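Step one of this worksheet: look at the structure below.
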Amino acid sequence: MRTLWIVAVCLIGVEGNLFQFGDMILQKTGKEAVHSYAIYGCYCGWGGQGRAQDATDRCCFAQDCCYGRVNDCNPKTATYTYSFENGDIVCGDNDLCLRAVCECDRAAAICLGENVNTYDKNYEYYSISHCTEESEQC
């Protein structure tokens, strides 16, 4: 079981700060990030390719696009400050790079929350080998 946890942490932790983004996801969806989004569709989790499979997967695609726009800020490892105020995620960094990464994660968490009803268990642990359609443009 511990090995599975470590593998899941490595997979979802590839983009953004795992614990920070996971906390945002939990607040907005009520779902644990590692169990629900670490390997989902073509974009949630490790990398991404092909066409997003549903609205939930499109949230992760949009986050990948957002990270692409702030790549100089090291979005995969950035540690930023944020808080929850009246149910809202508030990014608090004065550092523009860290704030930009936080805003990418914030937008993705909000999107996942707004689309939690589209979550399809058929896309859990979805093989990237199925993600062969041409990708949309960011």
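Glycine is treated like the rest: Cβ placed from N, Cα and C.
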Where Swiss-Prot annotates a disulfide for Cys102, which of Cys73, Cys91, Cys111, Cys131 is the other cysteine?
Cys91
Disulphide pairing with Cys131 per Swiss-Prot - partner from Cys10, Cys42:
Cys42
With reference to Swiss-Prot, specify which of the listed residues Cys60, Cys65, Cys66 is paired with Cys104 by a disulfide.
Cys66
For Cys97 (disulfide bond), which residues in the same chain are close in space, meaning a Cβ under 8 Å from its Cβ, but six or more apart along the sequence?
Val70, Asp72, Cys73, Asn74, Ala78
Using C-alpha positions only, work out which of the disulfide-bonded residues Cys44, Cys59, Cys91, Cys138 is nearest to Cys131 (disulfide bond).
Cys44
Translate the DSSP assignment of Cys131 (disulfide bond) into the three-state scheme.
coil
